[in-house]
Amino acid sequence: MNYSTLIAVASLLTAGTESKKDGYPVEGSCAFPCGYDNAYCDKLCKERKADSGYCYWVNILCYCYGLPDNAAIKGYGRCKPGKK
């Protein structure tokens, strides 16, 4: 099989696919505290176009599965309210 044909077919199969990521959603560089409320986090995550979410009990913060690739998630560092 010709390698260029193989590459063309692989490119067509992956065209239009969205990559998704998991993480703590943020607003103003601060994650959302949840108080152990899974329903709140699931709703919050779905509003941000994620597949689902839950309250991660260790950090008591909402964690989302399947966020769009362009969604902001918590990185390293401190929360800076008001900063986008």
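Quick reminder: no glycine exception, Cβ is built from N, Cα and C everywhere.
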Could you identify, going by Swiss-Prot, the member of C45, C55, C64 that forms a disulphide bond with C34?
C55
Disulfide-bonded cysteine for C45 as listed in Swiss-Prot, from C64, C79:
C64
When you check Swiss-Prot, which of C41, C79 turns out to share a disulphide bond with C62?
C41
Just to be sure I understand: of C30, C34, C55, C79, which disulfide-bonded residues have a C-alpha no more than 10 angstroms from the C-alpha of C64 (disulfide bond)?
C55
Within the domain 'LCN-type CS-alpha/beta' (21-80), count helix residues (DSSP H, G, I), strand residues (E, B) and coil residues, in that order.
10 helix, 23 strand, 27 coil
